[in-house]
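Have a look at the structure below, then the notes.
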C-alpha cells in the first residue's frame, strides 16, 4: 500500500463520473477543513495486516501534526501494482474503520473527481509511506518458527556454582534478577508506557525523535552529541588498547551476493532494502558482513592469532517492530562497537571469551555502570555445556553473583556460547548491553581460513564482541540509572566525565559577571567544561536551573568569594533531595577534583557558548 499524506487547510472534491469499477455513491462531494489527506493506492498482496500498519502510519502522522480529521482518498497513480477493485474497496473500508478514533472521511472509489487542496507547507505537511505486509510478516514468522524449534531450559548458576532450575531458585535479595528472568521467559517486548529516560533525554536537551525520519531514528542536540562522542571515543580506545585493529566497511551490501544471501536465508532479519540501478542492497545490521568479507580475502597464519578487528558502526540498521521502538532503548538506526576475534581453536576461543567478559565488566564500570546495575545471561547449547562445564561455571567467579542460564537442546544459531549484560529499567524491561559470542559457523560460510603450524589451511573460530552494546543503549542505561538514583533519595546525574557542563559558575549579581568569567576561564584551562550563568535572573532561579540540568559542580561567586579566594560549591554527587552538600574550595582545588574524577577518560570542549545568555533553546 502506498500513501501520500498531505496536511491541508482544506480538501474538497466533486464527483464527476463513475467508471465501471465504481463503488455505489449518491453524493456530490464534500469539503473538509483542517484535515490530513491520505491519498491511497491499494496494491496486490495487501491484506488486513497491511491495513493495520497503514492505519498506524496515518495515526502517527496525524498525532504529530495535531490533525483531528482524516480523509482517505483513493488514488491509483501512486503504484503500478494495483489490487483489484473489490479488494481495494474492502481494504479502504477496513482502513476507515481502523481510524475510527478520528473524524474520518472517505472519498468514493472508482469515480472521476475534481479536487482542490491547500497544503499547509510546514516540514511535515507532505509525507509518503510505503506499507509492506508480506515480506515483514514472512520474516517475523520465519524468526518465530525457528525460535520455536529450539527448546530452552532455564537455570540460575549460583556463586557456589550450583545449577538450579529457575522455578526452584530463591530470588530473595535478587529482585532485579527476578524481573530479568520474568522478562526473558515471557518475551514480551512491546512498550506500553514511556520509560523515564525519554523525558530526561528531552529535558536535558540531549536527543529527541526526528519526526521527518522513519520511526526509531534519533536526532542529537549539541549536549547529546558530546555525550555520544565521548562514549564512542572511550569504547573505541578500550578496544584498540585490547589489541584490536580498527577498520571501516560499507553500510550496504548486495542481497544476492552468494555468501550473504545464504546467511540471510539462514538467519532472516528485518532489513532496510535499497534499490540500486540494477541491484538491491540491504543496510547492514552489524559489522559482521564487511569484516568477514575483509577477513576472507586476508592472508592469516597461526602466528597472527588471536587476531582482532574492530569497527564502530555509525550506523547499523534493523527494522525493529514499531511497537517495540522507544527512546534510546530500541532503535532502527544505532551505533554499535563491533569487534571480531579470530581464534585458532576452541581453547583459544574460550580464553578470549573469558578475557572479553572481564573487559566488558571493566568498560561498563569505567563508563559509570557497576555490576549491580545489570544482570548476566549466558546462552549455551546443552552439548557445549556438558563438554565445558568447568569453564562455564568459572564465569560466575568474575562478578560473584547469580546469573541466568538459557540452555538449548540443540544448536540453531551460529554460536554455541554467548553472554549478555542486561540492564533492567524502571519499567522492568531488560536490554542487552555488552555481549560476546563464540561463532562456530561463519568462518566456513565466508571462506575465512588460516595457515596452521602444520602448513594446512583451517577454519578458525570467531568471537563476536560488543564490549558495551550499542552506544545509544548505554546512554539509555545511564539515564534510567539516574531514575533509580532519584527513587533512592539521591539526585540524578550523569558521570562527571560525560556531563556536558561539569562546572557552572554563577555570579550573585551582574556586578560579578566579569569575575565569574575569569574564574571559569581559569578552571577551563585544566581541560574542564565550564560555563557561566550571566543571565538577568535571580540567584535562586540560576541555581535551580543548574540543578535541573544535573550540573555536577555549581560554584557561586560574590563579594565574599572574591575576597577569600574560596568558591561556595554545591557538589551534586554528595547531595540528596533533602540536603545540598556545599563546600568551600579554591578554583584550583575545584579543577583538581574534577580532573581526578575524569582521569583516563577522553575530553571534548564545551559544545555550547560559554555564556548562557548566548545559548539557543533546543526544546
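A Cβ is built for glycine as well, from the same backbone N, Cα and C atoms used for every other residue.
Residues annotated as Zn(2+) binding site in Swiss-Prot: 288, 340, 464. In the three-state DSSP assignment, the secondary structure recorded for residue 288 (Zn(2+) binding site) is helix. Long-range Cβ proximity for residue 288 (Zn(2+) binding site), meaning a same-chain Cβ under 8 A and a gap of 6 or more residues, is found for 338, 340, 442, 464.
Per Swiss-Prot, region 'Editing domain' is recorded for 1-133.
Per Swiss-Prot, the feature region 'Catalytic' maps to 196-495.
Within 8 Å of the centroid defined by the CB atoms of 288, 340, 464, the record's Zn(2+) site, lie the Cβ atoms of 286, 287, 291, 292, 338, 339, 437, 439, 442, 462, 463, 465, excluding the listed residues themselves. Secondary structure at residue 340 (Zn(2+) binding site), as computed by DSSP, is strand. The binding-site residues listed here are 340, 464; among them, 340 has the most other Cβ atoms within 10 Å of its own Cβ. Taken through DSSP, the region 'Editing domain' (1-133) splits into 35 helix, 56 strand, 42 coil.
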